[in-house]
Amino acid sequence: MQGLVIKNTGSWYTVKTDDGRIVDSKIKGNFRLKGIRSTSPVAVGDRVQLVTNQEGTAFISAIDDRKNYIIRKSSNLSKQSHILAANIDQALLIVTINRPQTSTTFIDRFLASAEAYRIPVVLVFNKTDLLDDDEMRYQQMVINLYETVGYHCLAISAETGAGVDEVRALLKGRISLLSGNSGVGKSTLINRLLPTANLKTAEISNAHNAGMHTTTFSEMLELPESGWVIDTPGIKGFGTFDIERTELSSYFKEIFAFSKDCRFNNCTHTHEPGCAVLQALNDHYIAQSRYQSYLNMLEDKDEGKYREAY
Ligand SMILES: Nc1nc2c(ncn2[C@@H]2O[C@H](COP(=O)(O)OP(=O)(O)OP(=O)(O)O)[C@@H](O)[C@H]2O)c(=O)[nH]1
Ligand SMILES: [Mg+2]
Ligand SMILES: [Zn+2]
(Lines of atoms letter the chains of each structure in order from A; the text may use other names.)
(Lines give C-alpha, C1' and ligand atoms only; values in the text may rest on other atoms or scores of the structure.)
(Ligands and ions follow the chains in the order given, each with its own letter.)
Protein backbone atom coordinates (compact mmCIF):
# COMPACT_ATOMS: atom_id res chain seq x y z
CA MET A 1 0.00 0.00 0.00
CA GLN A 2 1.18 3.51 -0.83
CA GLY A 3 0.56 6.86 0.74
CA LEU A 4 1.63 10.41 1.42
CA VAL A 5 3.19 11.49 4.72
CA ILE A 6 1.13 14.44 5.90
CA LYS A 7 2.33 14.86 9.47
CA ASN A 8 5.44 14.09 11.45
CA THR A 9 5.36 14.04 15.22
CA GLY A 10 8.83 12.67 15.74
CA SER A 11 8.25 8.97 16.33
CA TRP A 12 4.95 8.60 14.49
CA TYR A 13 4.01 9.68 10.99
CA THR A 14 0.50 10.31 9.77
CA VAL A 15 0.07 8.86 6.29
CA LYS A 16 -2.84 9.41 3.93
CA THR A 17 -3.12 6.27 1.83
CA ASP A 18 -3.98 6.43 -1.83
CA ASP A 19 -7.40 4.95 -1.02
CA GLY A 20 -8.06 7.85 1.36
CA ARG A 21 -7.42 6.41 4.81
CA ILE A 22 -5.44 8.11 7.56
CA VAL A 23 -2.94 5.67 9.11
CA ASP A 24 -0.53 6.26 11.98
CA SER A 25 2.78 4.77 10.95
CA LYS A 26 6.22 4.01 12.28
CA ILE A 27 9.50 3.39 10.58
CA LYS A 28 10.46 -0.23 10.17
CA GLY A 29 13.96 -1.10 11.24
CA ASN A 30 16.94 1.07 10.52
CA PHE A 31 16.42 3.55 7.78
CA ARG A 32 19.45 5.04 6.15
CA LEU A 33 19.25 7.66 3.51
CA LYS A 34 22.09 8.29 1.13
CA GLY A 35 24.26 11.16 2.30
CA ILE A 36 21.86 12.45 4.91
CA ARG A 37 22.31 12.01 8.59
CA SER A 38 18.87 12.98 9.74
CA THR A 39 17.22 12.90 13.11
CA SER A 40 14.08 11.89 11.28
CA PRO A 41 14.51 10.13 7.94
CA VAL A 42 10.92 10.43 6.75
CA ALA A 43 9.43 13.84 6.02
CA VAL A 44 6.12 15.42 5.32
CA GLY A 45 5.55 15.19 1.57
CA ASP A 46 7.28 11.83 1.24
CA ARG A 47 5.58 9.12 -0.78
CA VAL A 48 5.96 5.89 1.18
CA GLN A 49 5.17 2.19 1.04
CA LEU A 50 3.19 0.87 3.99
CA VAL A 51 2.78 -2.52 5.59
CA THR A 52 -0.30 -2.47 7.77
CA ASN A 53 -0.73 -4.51 10.91
CA GLN A 54 -3.63 -5.79 13.02
CA GLU A 55 -3.77 -2.75 15.31
CA GLY A 56 -4.70 -0.53 12.39
CA THR A 57 -1.31 1.16 12.36
CA ALA A 58 1.43 0.54 9.82
CA PHE A 59 5.13 0.32 9.18
CA ILE A 60 6.81 2.47 6.58
CA SER A 61 8.88 -0.01 4.59
CA ALA A 62 10.23 2.25 1.85
CA ILE A 63 10.43 5.87 0.75
CA ASP A 64 10.09 6.84 -2.90
CA ASP A 65 12.85 8.97 -4.43
CA ARG A 66 12.39 12.65 -3.65
CA LYS A 67 12.29 15.34 -6.28
CA ASN A 68 13.49 17.85 -3.68
CA TYR A 69 13.57 18.44 0.06
CA ILE A 70 14.42 21.16 2.49
CA ILE A 71 16.50 20.54 5.56
CA ARG A 72 17.37 22.38 8.69
CA LYS A 73 20.62 21.72 10.44
CA SER A 74 20.24 21.15 14.15
CA SER A 75 23.21 23.37 14.92
CA ASN A 76 26.41 24.64 13.42
CA LEU A 77 28.54 22.00 15.06
CA SER A 78 26.46 18.88 14.77
CA LYS A 79 26.20 17.19 11.41
CA GLN A 80 22.64 16.21 12.20
CA SER A 81 19.91 17.66 10.08
CA HIS A 82 16.17 17.59 10.05
CA ILE A 83 14.23 17.21 6.83
CA LEU A 84 11.40 19.68 7.02
CA ALA A 85 9.48 18.66 3.93
CA ALA A 86 9.91 16.78 0.66
CA ASN A 87 8.50 16.85 -2.87
CA ILE A 88 7.49 20.48 -2.75
CA ASP A 89 5.93 21.75 -5.98
CA GLN A 90 6.22 25.42 -5.07
CA ALA A 91 6.77 27.87 -2.26
CA LEU A 92 4.54 30.87 -1.72
CA LEU A 93 6.49 33.61 -0.05
CA ILE A 94 4.05 35.96 1.65
CA VAL A 95 5.46 39.47 1.83
CA THR A 96 4.09 42.82 2.93
CA ILE A 97 5.24 46.27 1.87
CA ASN A 98 4.26 47.63 5.26
CA ARG A 99 2.99 46.39 8.63
CA PRO A 100 5.42 44.63 8.78
CA GLN A 101 7.87 45.67 6.11
CA THR A 102 9.48 42.80 4.25
CA SER A 103 12.95 43.75 3.06
CA THR A 104 14.18 42.91 -0.41
CA THR A 105 17.18 41.29 1.29
CA PHE A 106 14.86 38.86 3.01
CA ILE A 107 13.05 38.15 -0.28
CA ASP A 108 16.33 37.63 -2.15
CA ARG A 109 17.74 35.28 0.47
CA PHE A 110 14.58 33.23 0.32
CA LEU A 111 14.60 33.16 -3.49
CA ALA A 112 18.27 32.14 -3.61
CA SER A 113 17.81 29.25 -1.22
CA ALA A 114 14.67 28.14 -3.03
CA GLU A 115 16.68 28.13 -6.28
CA ALA A 116 19.31 26.00 -4.56
CA TYR A 117 16.61 23.55 -3.51
CA ARG A 118 15.00 23.75 -6.97
CA ILE A 119 11.69 24.95 -5.59
CA PRO A 120 9.78 27.47 -7.70
CA VAL A 121 8.60 30.52 -5.75
CA VAL A 122 5.57 32.73 -6.19
CA LEU A 123 5.71 36.07 -4.39
CA VAL A 124 2.41 36.94 -2.76
CA PHE A 125 2.09 40.57 -1.69
CA ASN A 126 -0.46 40.63 1.11
CA LYS A 127 -2.30 43.38 3.00
CA THR A 128 -2.84 45.44 -0.14
CA ASP A 129 -5.95 46.86 1.57
CA LEU A 130 -3.66 48.77 3.94
CA LEU A 131 -1.54 50.52 1.30
CA ASP A 132 -1.79 54.22 0.57
CA ASP A 133 -1.02 55.57 -2.91
CA ASP A 134 2.72 55.90 -2.31
CA GLU A 135 2.97 52.41 -0.88
CA MET A 136 0.91 51.08 -3.77
CA ARG A 137 3.36 52.64 -6.25
CA TYR A 138 6.29 51.24 -4.32
CA GLN A 139 4.69 47.78 -4.32
CA GLN A 140 4.23 47.97 -8.08
CA MET A 141 7.93 48.83 -8.45
CA VAL A 142 8.92 45.82 -6.37
CA ILE A 143 6.56 43.60 -8.35
CA ASN A 144 8.01 44.89 -11.62
CA LEU A 145 11.50 44.14 -10.36
CA TYR A 146 10.73 40.51 -9.48
CA GLU A 147 8.62 39.88 -12.54
CA THR A 148 11.51 41.12 -14.67
CA VAL A 149 13.82 38.69 -12.87
CA GLY A 150 11.31 35.95 -13.68
CA TYR A 151 9.13 35.42 -10.62
CA HIS A 152 5.37 35.23 -10.65
CA CYS A 153 3.86 37.87 -8.34
CA LEU A 154 0.38 38.26 -6.91
CA ALA A 155 -1.12 41.12 -4.91
CA ILE A 156 -3.81 40.09 -2.45
CA SER A 157 -5.58 40.86 0.77
CA ALA A 158 -6.15 37.87 3.00
CA GLU A 159 -8.40 40.14 5.06
CA THR A 160 -10.82 41.26 2.32
CA GLY A 161 -10.34 38.25 0.08
CA ALA A 162 -9.11 40.28 -2.90
CA GLY A 163 -6.93 38.11 -5.14
CA VAL A 164 -7.36 35.02 -2.97
CA ASP A 165 -9.04 33.11 -5.83
CA GLU A 166 -5.78 33.43 -7.78
CA VAL A 167 -3.95 31.90 -4.84
CA ARG A 168 -6.51 29.09 -4.77
CA ALA A 169 -5.95 28.38 -8.45
CA LEU A 170 -2.19 28.25 -7.90
CA LEU A 171 -2.46 25.82 -5.03
CA LYS A 172 -4.85 23.41 -6.70
CA GLY A 173 -3.45 19.89 -6.97
CA ARG A 174 0.01 20.88 -5.76
CA ILE A 175 2.10 20.62 -2.63
CA SER A 176 2.91 24.17 -1.58
CA LEU A 177 5.00 25.58 1.19
CA LEU A 178 3.77 28.78 2.78
CA SER A 179 6.49 31.02 4.13
CA GLY A 180 7.09 34.59 5.22
CA ASN A 181 7.98 36.81 8.13
CA SER A 182 5.93 36.78 11.27
CA GLY A 183 2.78 38.85 10.97
CA VAL A 184 2.52 38.96 7.17
CA GLY A 185 -0.75 37.02 7.27
CA LYS A 186 0.08 33.35 6.65
CA SER A 187 -2.45 32.05 9.17
CA THR A 188 -5.06 34.52 7.98
CA LEU A 189 -4.58 33.29 4.42
CA ILE A 190 -4.71 29.63 5.44
CA ASN A 191 -7.92 30.23 7.37
CA ARG A 192 -9.45 31.84 4.30
CA LEU A 193 -8.40 28.97 2.04
CA LEU A 194 -9.39 26.41 4.63
CA PRO A 195 -12.14 27.65 6.92
CA THR A 196 -11.96 24.32 8.75
CA ALA A 197 -8.17 24.35 9.20
CA ASN A 198 -8.38 23.79 12.93
CA LEU A 199 -11.03 21.11 12.56
CA LYS A 200 -8.97 19.39 9.90
CA THR A 201 -5.90 19.00 12.04
CA ALA A 202 -8.01 17.78 14.93
CA GLU A 203 -9.62 15.12 12.72
CA ILE A 204 -6.33 13.41 12.15
CA SER A 205 -5.86 10.44 14.42
CA ASN A 206 -3.92 11.49 17.47
CA ALA A 207 -3.93 8.21 19.34
CA HIS A 208 -0.16 7.96 19.45
CA ASN A 209 0.79 11.58 19.57
CA ALA A 210 -0.10 12.43 23.12
CA GLY A 211 2.38 14.74 24.73
CA MET A 212 4.33 15.42 21.56
CA HIS A 213 5.34 18.96 20.73
CA THR A 214 3.73 18.79 17.35
CA THR A 215 4.37 22.44 16.63
CA THR A 216 8.04 21.76 16.07
CA PHE A 217 7.20 19.35 13.27
CA SER A 218 5.75 19.95 9.87
CA GLU A 219 2.23 19.30 8.84
CA MET A 220 0.36 19.43 5.55
CA LEU A 221 -3.18 20.72 5.33
CA GLU A 222 -5.44 19.37 2.59
CA LEU A 223 -7.26 21.92 0.48
CA PRO A 224 -10.90 21.42 -0.47
CA GLU A 225 -10.06 21.80 -4.16
CA SER A 226 -7.25 19.21 -3.85
CA GLY A 227 -3.66 20.06 -3.07
CA TRP A 228 -1.73 20.55 0.13
CA VAL A 229 -0.35 23.47 2.03
CA ILE A 230 2.61 22.88 4.29
CA ASP A 231 2.43 24.77 7.49
CA THR A 232 5.81 24.79 9.19
CA PRO A 233 5.41 26.77 12.40
CA GLY A 234 8.51 28.70 13.38
CA ILE A 235 10.21 28.16 10.07
CA LYS A 236 10.55 31.42 8.26
CA GLY A 237 13.07 30.45 5.66
CA PHE A 238 15.22 27.63 4.50
CA GLY A 239 18.12 28.52 6.73
CA THR A 240 21.68 27.99 5.80
CA PHE A 241 22.84 25.77 3.01
CA ASP A 242 26.21 24.73 1.78
CA ILE A 243 27.17 26.31 -1.51
CA GLU A 244 30.42 27.28 -3.11
CA ARG A 245 31.24 30.96 -3.52
CA THR A 246 31.20 30.67 -7.28
CA GLU A 247 27.92 28.76 -7.11
CA LEU A 248 26.00 31.49 -5.31
CA SER A 249 25.49 33.63 -8.40
CA SER A 250 23.66 30.78 -10.11
CA TYR A 251 20.87 31.22 -7.52
CA PHE A 252 20.27 34.80 -8.64
CA LYS A 253 18.60 34.20 -12.00
CA GLU A 254 19.56 37.46 -13.72
CA ILE A 255 23.08 37.52 -12.30
CA PHE A 256 23.54 33.99 -13.53
CA ALA A 257 22.34 34.95 -17.01
CA PHE A 258 24.91 37.75 -17.31
CA SER A 259 27.72 35.77 -15.66
CA LYS A 260 28.03 33.62 -18.76
CA ASP A 261 29.78 36.56 -20.42
CA CYS A 262 32.32 37.16 -17.62
CA ARG A 263 35.94 36.82 -18.67
CA PHE A 264 36.78 34.35 -15.90
CA ASN A 265 34.59 31.37 -15.23
CA ASN A 266 35.31 31.55 -11.50
CA CYS A 267 34.33 35.22 -11.40
CA THR A 268 32.76 36.31 -8.11
CA HIS A 269 31.40 39.49 -9.77
CA THR A 270 32.96 41.76 -7.19
CA HIS A 271 36.16 43.22 -8.68
CA GLU A 272 37.26 41.09 -11.62
CA PRO A 273 38.17 42.67 -14.94
CA GLY A 274 35.84 41.75 -17.76
CA CYS A 275 32.96 41.04 -15.35
CA ALA A 276 29.71 41.10 -17.32
CA VAL A 277 27.66 41.25 -14.13
CA LEU A 278 29.32 44.48 -12.97
CA GLN A 279 28.79 45.86 -16.44
CA ALA A 280 25.09 44.90 -16.37
CA LEU A 281 24.77 46.46 -12.92
CA ASN A 282 26.31 49.64 -14.27
CA ASP A 283 23.89 49.58 -17.20
CA HIS A 284 20.94 49.03 -14.82
CA TYR A 285 20.06 45.63 -16.21
CA ILE A 286 20.61 44.25 -12.73
CA ALA A 287 18.89 45.98 -9.82
CA GLN A 288 21.13 47.44 -7.14
CA SER A 289 19.05 45.78 -4.39
CA ARG A 290 19.49 42.35 -5.93
CA TYR A 291 23.23 42.80 -6.32
CA GLN A 292 23.44 44.03 -2.73
CA SER A 293 21.66 40.88 -1.53
CA TYR A 294 24.10 38.81 -3.54
CA LEU A 295 27.02 40.60 -1.87
CA ASN A 296 25.48 40.12 1.58
CA MET A 297 25.19 36.40 1.04
CA LEU A 298 28.71 36.25 -0.34
CA GLU A 299 29.95 38.08 2.75
CA ASP A 300 28.22 35.62 5.07
CA LYS A 301 30.08 32.88 3.30
CA ASP A 302 33.40 34.69 3.66
CA GLU A 303 32.90 35.13 7.37
CA GLY A 304 31.66 31.58 7.74
CA LYS A 305 28.78 33.04 9.65
CA TYR A 306 26.04 30.65 10.58
CA ARG A 307 22.53 31.75 9.90
CA GLU A 308 19.52 29.99 11.29
CA ALA A 309 16.75 31.13 8.89
CA TYR A 310 16.84 34.82 8.13
N1 LIG B 1 -5.51 44.67 6.95
C2 LIG B 1 -5.06 43.43 6.81
N3 LIG B 1 -4.66 42.72 7.86
C4 LIG B 1 -4.23 41.47 7.68
C5 LIG B 1 -4.20 40.87 6.40
N6 LIG B 1 -3.72 39.62 6.54
C7 LIG B 1 -3.46 39.45 7.84
N8 LIG B 1 -3.77 40.55 8.53
C9 LIG B 1 -3.62 40.78 9.99
O10 LIG B 1 -2.23 40.72 10.31
C11 LIG B 1 -2.05 40.13 11.59
C12 LIG B 1 -1.06 38.98 11.50
O13 LIG B 1 -1.62 37.97 10.68
P14 LIG B 1 -1.28 36.42 10.87
O15 LIG B 1 -2.13 35.68 9.89
O16 LIG B 1 -1.40 36.03 12.29
O17 LIG B 1 0.26 36.41 10.44
P18 LIG B 1 1.26 35.16 10.33
O19 LIG B 1 2.01 35.33 9.09
O20 LIG B 1 0.49 33.89 10.49
O21 LIG B 1 2.21 35.42 11.57
P22 LIG B 1 3.06 34.33 12.41
O23 LIG B 1 2.13 33.22 12.78
O24 LIG B 1 3.55 35.11 13.57
O25 LIG B 1 4.19 33.89 11.52
C26 LIG B 1 -3.42 39.71 12.07
O27 LIG B 1 -3.90 40.70 12.95
C28 LIG B 1 -4.26 39.69 10.81
O29 LIG B 1 -5.60 39.96 11.05
C30 LIG B 1 -4.64 41.63 5.28
O31 LIG B 1 -4.64 41.21 4.12
N32 LIG B 1 -5.04 42.91 5.54
MG1 LIG C 1 0.66 32.30 11.90
ZN1 LIG D 1 31.58 38.43 -13.16
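Using N, Cα and C of the backbone, Cβ positions are placed for all residues, glycine too.
Sequence-distant neighbours of Thr188 (GTP binding site) (same chain, 6+ apart, CB under 8 A from its CB) are Ala158, Glu159. Under the heading GTP binding site, TrEMBL lists Asn126, Lys127, Thr128, Asp129, Gly180, Asn181, Ser182, Gly183, Val184, Gly185, Lys186, Ser187, Thr188.
The Zn(2+) binding site feature in TrEMBL is assigned to Cys262, Cys267, His269, Cys275. His269 (Zn(2+) binding site) falls within neither a helix nor a strand when secondary structure is assigned with DSSP, and so counts as coil.
Taken from TrEMBL, the feature domain 'CP-type G' applies to 77-238.
Residues annotated as domain 'EngC GTPase' in TrEMBL: 86-236. When pLDDT values are averaged over the domain 'EngC GTPase' (86-236), the model yields 86.
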### Task
Please go through the binding-site residues Asn126, Lys186, Cys262, His269 one by one and keep those whose C-beta falls under 6 A from any atom of ligand 1; give the result in sequence order.
Asn126, Lys186
### Message
Can you check which residue among the binding-site residues Val184, Cys262, Cys267, Cys275 has the largest number of Cβ atoms within 10 Å of its own?
### Response
Val184
#### Entry: Proximal residue to Ser182 (GTP binding site) among binding-site residues Cys262, Cys267, His269, Cys275 (C-alpha distance)
His269
### Task
Fill in the CA-CA distance, Cys267 (Zn(2+) binding site) to Lys186 (GTP binding site), as an integer in Å.
39
### Query
Of the binding-site residues Asn126, Gly180, Ser182, Cys267, His269, which ones put their CB under 6 Å from ligand 2?
none
### Message
Around the Zn(2+) site formed by Cys262, Cys267, His269, Cys275, list the extra residues of the same chain whose Cβ is within 8 Å of the site's Cβ centroid.
### Response
Ser249, Ser259, Arg263, Phe264, Thr268, Thr270, Glu272, Gly274, Ala276, Val277, Leu278
### Summary
Lowest 10 Å Cβ neighbour count of the binding-site residues Asn126, Thr128, Ser182 is held by Ser182
